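Positions annotated as NADPH binding site by Swiss-Prot: Ser7, Gly8, Ser9, Ile10, Asn115, Glu117, Gly188. Annotated 1-deoxy-D-xylulose 5-phosphate binding site per Swiss-Prot: Lys116, Ser136, Glu137, Ser159, His182, Ser195, Asn200, Lys201, Glu204, in sequence order, evidence recorded as sequence analysis. Among the features that Swiss-Prot reports, Mn(2+) binding site is placed at Asp135, Glu137, Glu204, with the record citing sequence analysis.
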Amino acid sequence: MILLGSSGSIGKNVAFLAMKYGIKLDALACKTDYKELNSQISKFNPKFVYIEDNKLKNLVEHSRVFTSKDGIDKFLEACYDEFGSTVVINSLVGFSGLRPSLVSQKLGFKLALANKESLVAGGKFLDTKSINPIDSEHFGLKFLLKNRPAVKKMIITASGGAFYDMHINELEFVTAKSALKHPNWSMGAKITIDSATMANKLFEVLEAYHLYGIKDIDAFIERTSCIHALISFMDGSTTAHISRTDMKLAIAHAIGLEEKEILEPIDILSLKNISFNTINLKKYPIFTLKKDVLNNPDLGVIINAANEEMVYKFLNNEISFLDINRAVFKSLDKFGSVKIDDEDTVFEIDKKVREFCKGF
């Protein structure tokens with residue numbers, strides 16, 4: 001198995017399960033955290049490792065280290081030459097995860113995908129039917145689809161993020177520090193901000209479309225985050241996927257551990273305050289784009305690039321929280337008519353949108 005993004009939250013959970021169940025990690029890749037990478041090297045003895053930052057190469061305790069100077073394509077090609085068609089877990093953060101997803105499928109790897117930007121920006125160029133999704137909502141949908149009648153509607157849930165109980169007028173002045181306090185999940189900084197703006201849920205709607213080919217997809221607020229997904233079927237029945245807020249379950253199913261005891265089941269008697277609410281579109285304006293992205297999934301490239309660029313500006317205290325959405329809508333005004341017919345155009349538009357957003 002090849003693990004991309006080994007030092008992140010998902011990557012560490014994959015490593016935990018691999019260690020617990022004796023699964024070999026043949027190759028590891030991360031961005032800059034060489035200390036965590038070295039720790040994983042000592043535990044798993046991988047054949048190849050990759051660290052994005054070339055300046056850190058000499059700090060990695062391994063004889064076969066690839067960096068951005070070589071390119072992650074070369075790293076994956078070396079892995080394929082050595083291991084053949086194995087599983088690639090892509091848990092990289094951001095748009096940088098798209099190219100490894102494309103390359104992995106072209107080489108013939110089985111793709112287990114936690115990198116949502118791969119689908120948001122490049123879903124039309126991926127074989128989505130062969131992807132194992134590592135995301136609580138999409139894993140929940142996949143689980144519910146097994147041996148079921150025709151689907152009428154899919155529903156995913158959102159916690160509402162860090163600012164759900166805050167008045168709209170207060171959002172202009174919130175800080176990155178306060179935005180990172182997610183009520184239920186422990187996640188990386190970028191996805192936690194996306195949860196607070198509801199960009200994460202917009203992306204997950206588009207991911208669900210690419211994965212399952214259904215446009216009748218909605219999202220509702222469910223504050224406990226224990227109900228991850230629901231499906232309404234043509235026969236009038238609705239099923240829900242309920243589990244603890246722990247990504248190990250989705251990971252386990254993606255790597256063949258579905259028969260193992262991964263999590264303690266939720267105590268059903270403890271579920272006393274479950275309720276669903278619609279998403280407040282005034283408070284979360286980015287979610288007004290749901291119909292637009294389902295009708296024109298190419299818009300995902302623009303929204304993702306603008307959002308990603310502005311989230312990091314917000315985390316660096318360069319802009320206000322509400323500037324994230326403002327930049328997304330202005331980027332759509334400027335680039336929204338673009339047609340994307342090939343992979344190269346995805347990367348070209350991404351670059352242009354980021355340059356445009358640097359002016360904010």
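Residue numbers in this text run from 1 along the chain shown.
Each residue, glycine too, has its Cβ placed from N, Cα and C.
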Alpha-carbon distance [Asp135 (Mn(2+) binding site); Glu204 (1-deoxy-D-xylulose 5-phosphate binding site)] in Å: 9
Number of Cβ atoms other than its own within 10 Å, given for Gly188 (NADPH binding site): 16
Nearest of the binding-site residues (Ser7, Ile10, Gly188) to Glu137 (1-deoxy-D-xylulose 5-phosphate binding site) - Cα to Cα: Ile10
Beyond the site residues Asp135, Glu137, Glu204: chain residues whose C-beta lies within 8 Å of the centroid, for Mn(2+): Lys116, Pro133, Ser136, His138, Phe139, Gly140, Leu141, Ile156, Glu207, Ala208, His228, Ala229
Among Asp135, Glu137, the one of these binding-site residues whose Cβ has the fewest neighbouring Cβ atoms within 10 Å: Glu137
Distance [Cα-Cα, Å, rounded] between Lys116 (1-deoxy-D-xylulose 5-phosphate binding site) and Ser9 (NADPH binding site): 14
Integer Cα-Cα distance in angstrom, Ser9 (NADPH binding site) to Asp135 (Mn(2+) binding site): 12
Euclidean distance between Cα atoms of Asn200 (1-deoxy-D-xylulose 5-phosphate binding site) and Glu117 (NADPH binding site), Å: 10
